[in-house]
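Engineer: Encoded as structure tokens, here's the structure I'll be asking about.
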Amino acid sequence: MAYHGSGPQSPGEHTYDDGHQLRDLSHSNTSYEEEASHGLLSSQQSPFAGPFDDPHQQRGLTASPVQRPTSGYSLTESYAPDAAYHDPYSANQSVYSGHSENPAAAFGVPGRVASPYARSETSSTEAWRQRQAGAAGGGNGLRRYATRKVKLVQGSVLSVDYPVPSAIQNAIQAKYRNDLEGGSEEFTHMRYTAATCDPNEFTLHNGYNLRPAMYNRHTELLIAITYYNEDKTLTARTLHGVMQNIRDIVNLKKSEFWNKGGPAWQKIVVCLVFDGIDPCDKDTLDVLATVGIYQDGVMKRDVDGKETVAHIFEYTTQLSVTPNQQLIRPTDDGPSTLPPVQMMFCLKQKNSKKINSHRWLFNAFGRILNPEVCILLDAGTKPGPKSLLYLWEAFYNDKDLGGACGEIHAMLGKGWKKLLNPLVAAQNFEYKISNILDKPLESSFGYVSVLPGAFSAYRFRAIMGRPLEQYFHGDHTLSKQLGKKGIEGMNIFKKNMFLAEDRILCFELVAKAGSKWHLSYVKASKGETDVPEGAPEFISQRRRWLNGSFAAGIYSLMHFGRMYKSGHNIVRMFFLHLQMLYNWFSTFLTWFSLASYWLTTSVIMDLVGTPSSSNGYTAFPFGKTATPIINTLVKYIYLAFLLLQFILALGNRPKGSKLSYLASFVAFGIIQLYVVVDALYLVVRAFTGGAPMDFNTDDGIGAFLSSFFGSSGAGIIIIALAATFGLYFVASFMYLDPWHMFTSFPAYMAVQSSYINILNVYAFSNWHDVSWGTKGSDKADALPSAKTTGGKGEEAVIEEIDKPQADIDSQFEATVKRALTPYVPPEEKEEKSLDDSYKSFRTRLVTLWLFSNGLLAVCITSEGLDKFGFTNTSTERTSRFFQALLWSNAVVALIRFIGATWFLGKTGLLCCFARR
């Protein structure tokens with residue numbers, strides 16, 4: 001059930017909305033829109049006042065509805081007696097200790113000071129830091145809580161179960177809540193583990209464990225969401241989409257697999273890996289706390305002085321929060337109800353990059369859970385209806401499939417309004433064509449060069465061994481352990497290669513010795529993601545992609561011989577050889593793309609714009625007088641902006657040169673459209689007759705081919721245009737997905753030259769920038785430490801605050817309010833840094849110097865300047881220039897000589913009359 005308030009509704013295409021209010025979700029694809037259109041913080045309609053009010057208790061009542069408290073978040077009905085509940089203040093339960101609790105942490109008590117839990121005027125980060133101290137008993141107030149003694153596993157591993165708020169417990173359907181076969185605390189307690197070890201040491205032998213393994217459950221599907229600093233809307237978009245996809249899998253009725261070995265939901269684990277406390281958006285933590293997978297105040301900075309590396313939370317929940325900040329909870333046993341989902345939340349204490357997050361996923365959690373399939377998602381990627389099911393089915397039906405990916409397409413907004421941005425439209429077209437032409441081709445060969453980390457899947461046993469070993473060489477946290485094989489011992493080429501580490505994993509998987517794993521593309525599985533909307537972000541993103549893919553592509557070609565050690569059959573090896581030749585050829589074309597684009601532009605303009613005997617002394621489009629002049633200007637502008645790209649790339653960050661890059665995109669776009677018009681003119685002339693396209697169609701096929709492929713090159717241009725325009729249209733209609741040809745193709749044609757002239761130039765000019773290391777500082781000082789107590793011969797224990805359930809619920813009420821507050825994007829400051837301003841001045845100075853000198857050289861030596869009114873020939877202009885230059889140098893030398901002579905004479909005279 002979705003709870004609605006007064007916010008605006010914003011449904012979009014291919015989303016999850018059925019537009020219903022306070023109704024169960026239907027099981028059709030239309031149910032995949034975020035189910036709510038209004039904010040939860042407005043007044044609620046009776047009889048269900050709050051998001052956690054239990055509708056089961058209301059059904060069948062004929063009397064007047066039960067009176068609720070005035071709060072829209074009343075948890076009164078959630079304080080139901082529970083056999084597992086105990087009062088920490090009652091006798092024989094625990095003893096009081098010196099731990100104090102900030103009185104501001106208590107809620108609903110008149111006269112209490114404002115709490116950081118409800119403080120809206122304080123930044124979310126600062127309020128979060130205060131909550132850690134307050135909730136953990138580190139405040140300066142007088143409130144005292146009872147404590148309990150927690151034994152460390154094997155004397156060193158801190159793993160504690162914390163009661164979840166009553167509202168979360170009671171949101172679980174009774175059939176799951178009352179079933180104690182799996183685990184008595186699975187739905188009543190959240191498990192927290194402070195991992196003070198490297199991911200490779202997170203093993204059962206060292207005392208670490210995970211709930212699914214503790215409950216002896218087989219994990220078929222491990223769904224991982226990697227996160228850096230995305231806001232709560234982006235995170236909820238991904239997490240809610242995953243929850244709905246799991247519902248699709250659980251609702252399968254005829255699947256032989258899911259009817260074996262217990263309920264389907266027990267075979268699926270969702271793992272969120274956050275890359276550092278400091279960059280993490282603290283509002284996102286409120287969303288996770290609302291569904292039960294996180295609590296404030298339980299994390300420990302260190303255990304007996306040993307620093308915590310990762311904070312791991314585990315809980316099984318039936319709650320979800322939509323991107324519109326609407327809370328979804330089960331209401332009945334219908335197909336629209338979300339099933340229980342086993343969740344793990346790994347919050348790394350320090351930012352150590354995405355590849356390290358994957359090491360936690362595969363080497364730490366994967367080895368304990370031993371899943372069959374791992375699905376990788378980036379926070380912000382929204383899986384489409386049944387997308388995860390289609391990915392899993394691909395592995396289920398192909399025992400040799402080692403990895404797969406779905407179709408990623410750009411998020412276009414409501415009514416496709418983002419297509420008005422040419423950059424977004426161009427990227428949309430690029431993604432679509434890649435999914436129509438490139439991915440199917442590579443899938444046919446059996447080796448997809450890259451499975452995007454934002455939306456891909458791997459068979460866990462396929463990547464175990466050498467593939468993961470090679471993959472994790474790029475983890476800088478292993479640099480000391482690996483030595484020369486690690487990131488610190490790599491040359492600049494290998495470091496760039498690990499900017500596209502997913503390509504390395506794909507190659508190593510296919511080339512795995514003694515195995516015959518192949519990769520595939522699953523067209524039915526779709527994911528939606530945001531794309532950069534501004535030039536600086538776009539350029540920075542593509543720098544990493546282009547440099548990483550180029551280096552990884554060369555690596556795979558140079559190490560192709562390792563394929564002979566694999567277990568592929570002769571047919572597969574034949575196709576892999578074809579793909580190798582195709583990749584060599586593509587790399588060759590990519591290397592010379594800069595010159596190719598300039599020559600193509602120049603040749604097409606000369607063909608249609610230069611009057612000659614071969615074209616009847618005509619010129620398109622401005623006539624035989626103006627067209628050559630304009631074409632010459634266009635060429636000079638093209639070369640000038642191309643030179644500018646090198647100046648910008650070698651000295652500036654894209655964010656520090658926004659206007660320059662914007663002007664470059666516009667200039668190259670206008671030139672590209674001008675060339676496209678010229679090329680279309682060639683095609684028209686080819687089929688209407690007329691020089692230079694007057695093909696011989698009267699003397700047989702031989703004469704026609706001879707004229708078609710003649711020295712003018714017009715026939716080749718027609719073939720290239722047909723291969724570009726025609727192939728894109730035909731393939732798009734074959735895949736029944738042609739809309740991008742009408743909405744995005746024109747924008748792509750305008751931006752296409754910028755892909756070469758701007759993106760490639762910037763990428764290669766910044767080959768040295770591999771962006772390794774942590775981003776920013778890592779602040780964990782807000783977290784309390786855990787210290788053991790106990791004398792000699794006694795087991796090491798830690799005293800942990802044992803809060804009463806009423807206080808847990810009161811604090812949770814404020815957490816829900818924060819989580820469901822409508823998201824307001826922060827304003828981005830456009831101010832340049834001091835370093836950027838210095839670099840911008842340097843760029844303007846160098847640009848002025850180079851272009852003024854270049855303009856002088858062109859004016860003196862160019863033969864075509866007579867078109868601009870210069871009456872002299874280039875030879876005569878050169879002669880006069882040298883005369884002026886020689887006279888100028890002579891005058892300067894004469895002045896210097898006069899000055900030197902005067903100084904010498906003056907010095908001699910003064911020497912004679914100087915006083916001794």
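Each Cβ is built from the backbone N, Cα and C atoms, and glycine gets one as well.
What Swiss-Prot lists as region 'Disordered' is 1-75, 118-141. The compositional bias 'Basic and acidic residues' feature in Swiss-Prot is assigned to 14-26. Annotation comment: Swiss-Prot describes 59-75 as compositional bias 'Polar residues'. Swiss-Prot lists 544-561, 588-608, 629-649, 664-684, 716-736, 845-865, 884-904 with the feature transmembrane segment.
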Engineer: Under a criterion of three or more Cβ pairs within a distance under 8 Å and sequence separation of at least 6, are the transmembrane segment (588-608) and the transmembrane segment (664-684) in contact?
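Structural biologist: Answer yes, regions in contact.
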Engineer: So which residues does the transmembrane segment (845-865) touch in its own chain, when a touch means Cβ under 8 Å and the partner is 6 or more beyond its ends?
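Structural biologist: Cβ under 8 Å, 6 or more out: 628, 632, 636, 640, 643-644, 647, 651, 873-874, 877-878, 881.
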Engineer: Apart from its near flanks, which chain residues at least 6 from the ends of the transmembrane segment (544-561) lie with a Cβ under 8 angstroms of it?
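Structural biologist: For the transmembrane segment (544-561), the list is 449-450, 493-494, 496-501, 503-504, 507, 511, 580, 583-584, 587, 590, 759-760, 763-764, 766-767, 771.
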Engineer: Residues of the same chain, at least six outside the transmembrane segment (664-684), with any C-beta under 8 angstroms of its C-beta?
Structural biologist: 422-423, 535, 600-601, 604-605, 607-609, 620-621, 634, 637-638, 641, 644-645, 648, 693, 714, 717-718, 721, 749-754, 757-758
